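Engineer: Have a look at this one.
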Amino acid sequence: MHYYRYSNAEVSCWYKYLLFSYNIIFWLAGVAFLAAGLWAWSEKGVLSDLTKVTGLHGLDPVVLVLLVGIVMFTLGFAGCVGALRENICLLKFFCGAIMFIFLLELAVAVLAFLFQDWVRDRVKEFFENNIKSYRDDIDLQNLIDSLQKINHCCGAQGPDDWDFNIYFNCSSESKSREKCGVPFSCCIPDPAQKVVNTQCGYDVRKKSKNQWDDQIFVKGCIVALEAWLPRNIYIVAGVFIAISLLQIFGIFLARTLISDIEAVKAGNAF
């Protein structure tokens, strides 16, 4: 029996430059995220005093932006250089990292579906911790305000959750003007007002609860998000599928290019 080896094995330029183009987008997006994050930190003075990062007990949205930027920059750089230089180590790193992220996303989605009560408790705890730090960081403040305005909600379970914040707490020791109130993002907007009234939530919770409905949102944000998800399940599923397909496509390109490079190296070894 005779075995034939093709001596014309070569790396596909099509897959090579398609993978490069695929990764250059990730790399540029990573640079943009990093630049935005570092700019935000410089504006808040964090770059001159890194202890400010640990001083915030809630989530600093800038940290999330920086983490996303670092991951995208690293993977984009590894994919670009690996494709252009035909470096198997970098391509395997890129392929393995994308596969790990894909499996992690899948595992999180399945576990979130199976352990909904546990996830709800963690989200509640997370939201309450961020309420405590509402006035400590402008980015966190804007994030919570946007979440409450978009979902027409207030607090994690309801407006009384703002007692977790020292400025809005109804305690008799509090000397804050915002005492026993809620942020302006909890207020029901008045269509006649063109300028946002940032004091609309003052003293609201000093009134009886049956008077709240006319002035503020009484539904908690966790309840609002739980109601939003079933209404937009197709959008969420579509986004998840689109992201998954992009990741699978990247894995396919990397694996194909690795196979081509290995075939060429095996051919040159004879």
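Every residue, even glycine, has its Cβ placed from backbone N, Cα and C.
Dumping what TrEMBL says about this protein:
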- 20-42: transmembrane segment (TRANSMEM)
- 62-84: transmembrane segment (TRANSMEM)
- 91-115: transmembrane segment (TRANSMEM)
- Cys153-Cys186: disulfide bond (DISULFID)
- Cys154-Cys170: disulfide bond (DISULFID)
- 233-254: transmembrane segment (TRANSMEM)
Engineer: Going along the chain, which residues at least six beyond the ends of the transmembrane segment (91-115) come within the CB cut-off of under 8 Å?
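Structural biologist: For the transmembrane segment (91-115), the far contacts come to 23, 71, 74-75, 78-79, 82-83, 240, 243-244, 247-248, 250-251, 254-255, 257-258, 261.
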Engineer: Where's the emptiest Cβ shell within 10 Å among the disulfide-bonded residues Cys153, Cys154, Cys170, Cys186?
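Structural biologist: Lowest Cβ count within 10 Å among the disulfide-bonded residues (Cys153, Cys154, Cys170, Cys186) is Cys170.
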Engineer: Where else in the chain does the transmembrane segment (233-254) make close Cβ contacts, counting only residues six or more beyond its ends and a cut-off under 8 Å?
Structural biologist: 15, 18-19, 22-23, 79, 82, 91-92, 94-95, 98-99, 101-102, 105-106, 109
Engineer: Give me the Cα-Cα distance between Cys170 (disulfide bond) and Cys186 (disulfide bond), rounded to a whole Å.
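Structural biologist: Between the alpha carbons of Cys170 (disulfide bond) and Cys186 (disulfide bond) there are 17 Å.
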Engineer: Give me the Cα-Cα distance between Cys186 (disulfide bond) and Cys154 (disulfide bond), rounded to a whole Å.
Structural biologist: 5
